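Feature annotation from Swiss-Prot assigns NADP(+) binding site to 21-27, 46, 52, 72-73, 92-94, 165, 169, 192-195, 207; the stated evidence is similarity to another entry. Summarising the annotation, Swiss-Prot assigns disulfide bond to 158-166. Annotated active site, proton donor per Swiss-Prot: 169, in sequence order, evidence recorded as similarity to another entry.
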């Protein structure tokens, strides 16, 4: 964890913050780190009594400084009651789907309500979890240039390719900036790439599924595509950094490195050779596609040191095993 300069930053102490969608993959880690730093946390969830949120109650400091609240983000009054009295808000809740009906209204109107409630509560800062999908989805974005926070996805291109997730996230982030400006809210945005690492929650998150499919034999080949990855703890830490650093502003791409899917399975095979990992690409005619080059300099300048991608992959598999989502081969059990 980077060293904090207390003259230019805030810290937990007597601060109360709200985390929306607290039971999610990134949000669970964020709640964990916030509690460790002494914050009092109000987490919004669909159902506080749902067993899938039970892991939050077991976090260190949760008994004393964590409360879970049933909130419908499409109901402004619902979120107002939780945000009132908070010093800051972390808006991480968002649907992950390619269904436009399920994506657009929750992503856009939910975000709008959170920012309006934050303005009324006069919170110090709102940190919004966006996505790399709001940055690079543009046919004119070259894989030969370094893509930084000034890039935006093209909405028409997202529509034409029916990438409703990127469309919804882009509309949501753009509207977040507009609403924040209208209401004079200090908004900072984190744009993570594909997030890997240990699961705190009992359920599998969307970003881990392709790793699981490589390991359990569901995927017989790998596609000719690249993916950029980052460790979940680094994403949570990025949220903390941009909240606590007074000078933080704008967008922050959160990315460690990019790998071709072939490189992913090669790394997995090195660490976990017992699994039936694919060895062939589904496209053997064309050369391997080049990855996008994303800049992570803004977060590095704040002091974030990224976890190497090999560690991300290793931690992900170990977590899938520990949570019972991936059987441990007998050979590995014997050597454990």
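Quick reminder: no glycine exception, Cβ is built from N, Cα and C everywhere.
This view paints the features noted in Swiss-Prot onto the structure.
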residue : record               : contacts (Cβ under 8 Å, 6+ apart)
21      : NADP(+) binding site : 27, 44, 45, 92, 93, 94
24      : NADP(+) binding site : 92, 93, 201, 205
72      : NADP(+) binding site : 46, 78
158     : disulfide bond       : 137, 164, 166, 167, 170
169     : NADP(+) binding site : 94, 107, 130, 131, 133, 134
194     : NADP(+) binding site : 207, 227, 228, 229, 230
Where residue 27 (NADP(+) binding site) falls in three-state DSSP terms:
helix
Counting across all protein chains shown, how many other Cβ atoms sit within 10 Å of the Cβ of residue 27 (NADP(+) binding site)?
26
